[in-house]
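Visitor: My questions will all concern the structure given below.
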Amino acid sequence: MGVASDGFSSRWRAKIAACRESRKLVLIIVAIALLLDNMLLTTVVPIIPEFLYDIRHPDAPLSLSLDEVTTTPPPPTPYCPCLEKNETVTVENVTHINITAEKEFRHQELIHETVAVGVMFASKAMVQLLANPFVGPLTHKIGYSVPMFTGFVLMFLSTLIFAFGRSYGVLFVARALQGIGSSCSSVSGMGMLAERYPDDKERGNAMGIALGGLALGVLIGPPFGGLMYEFVGKTAPFLMLSALALGDGLLQLMILQPGVVRQETEPPSLKQLVTDPYILIAAGAITFANVGIAMLEPSLPIWMADTMEARRWQQGVAFLPASICYLIGTNLFGPLGHKMGRWLAACSGLVIIGLCLIFIPMARKLEHLIIPNAGLGFAIGMVDSSMMPELGFLVDIRHAAVYGSVYAIGDTAFCLGYAVGPAFSGALVNSIGFEWMLVIIAILNFAYAPFLLLLRSPPARDEKQSLIMGEKSSVRYVNYQNEE
């Protein structure tokens, strides 16, 4: 009996050890971490603008129509048949004036709200932007698993603060804390995948799947947040997210077993990577691709409430086509970008993004937003799933195959779009209007697209170094194949 028990436990330990060496399980963990992080990122989009407005205007929340806000029963007056006609006209006129005044007041308040919401949304990206230069080099010293688990802990705390926060300051802290957690998860996750998938084609496929997790989070977040806030309340969606995050943390403890692992290869310095023009072009494409959707996150729900009188669930559902098509784009152009040329996929994506941004302000109903938002999401997926593996490829051929710092740059590029976008969207909407803001971003995308021609055939830093890198990559690739 004891021998059978020992045999079973040894087989179980062997299975657990095999799981810990599996590249596919690592890919699943990274995809789940990105999914939950971006689900939290976008769940707040339909919740926070209205929640903050309702805090400031408890007597006239956005859930009430203008008729309900302005209509008050008139005081009782003695009946007089001769005055009946005049009184009816007077009450109707006063009611019409009240509705007009209230509509103008609400319009002005919503425009001012865009600024506060934009700053809060940008705080996450700004903090992530500041954290990335520290997290990237840190992964060279201690490995990827400890920063990855730290990202889970910070995201879990951020979600709980969002659930119970009731003031702008507290919610701002939650958003900023999420930025540090996102930096740890994104940089470590992408670096881990680049290390586990050294073959360029397989790396592209793996990163397409991981970005598909990110896309799924972006896809689920807005409708999930809008529907839960409409029918259950503000706390419920964040408590559900915290429970899911806890499950991801347990999975990381079992499979990754967070611990310090030092890199054997001498990593390239952050300065070397930042001054490499080809890496900067790839990173710039990620920034310009995401700045448009980042500007839409705080401003589109408020623009819809102002021009369409859209309800909460409609504000959340408006982002659904973009999210679905981002999911399709990332999974399609992970492998397809390698075949057609990643520079061409990203260049085409930037042009499509510009066209879609021009069409969005032409919408007058919710249905009119479907096609431009879908095209926007698909095109961003084209750029992200092409340029993320391109960064790893550029490090392989021009530097050393250590990936923490280059994905810190990639994540910084992503965050730069999400920092600049919300931070400036409120001021731009106030000064030039929602329509012209999107036209300017479209022109910037058109102008940047030709730079991607330079990535058509990037030169290797040293032919000999390139050959050595190739030999190392093939050895590591065979090892991982055998382990699986």
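Even glycines carry a Cβ here, placed using N, Cα and C.
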Visitor: Can you dig out which of the ranges 169-188, 369-388 TrEMBL describes as transmembrane segment?
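Guide: Checked against TrEMBL: transmembrane segment maps to 369-388.
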Visitor: Where else in the chain does the transmembrane segment (436-455) make close Cβ contacts, counting only residues six or more beyond its ends and a cut-off under 8 Å?
Guide: 277-278, 281-282, 284-285, 288-289, 291-292, 295-296, 299, 342-344, 346-347, 350-351, 353-355, 357-358, 360-361, 390, 425, 428-429
Visitor: Taking 3+ C-beta pairs under 8 angstroms (sequence gap of 6 or more) as contact, is the transmembrane segment (277-296) in contact with the transmembrane segment (369-388)?
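Guide: Output yes: the transmembrane segment (277-296) sits against the transmembrane segment (369-388).
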Visitor: May I ask whether the transmembrane segment (25-48) has at least three C-beta pairs under 8 Å with the transmembrane segment (142-164), counting pairs 6 or more apart in sequence?
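Guide: Counting Cβ pairs under 8 Å (6 or more apart in sequence), the transmembrane segment (142-164) reaches the transmembrane segment (25-48), since there are 3 or more.
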Visitor: Between the stretches 25-48, 206-224, 343-363, which wins on the count of C-beta pairs under 8 angstroms to the transmembrane segment (369-388)?
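Guide: Of the candidates 25-48, 206-224, 343-363, 343-363 scores highest.
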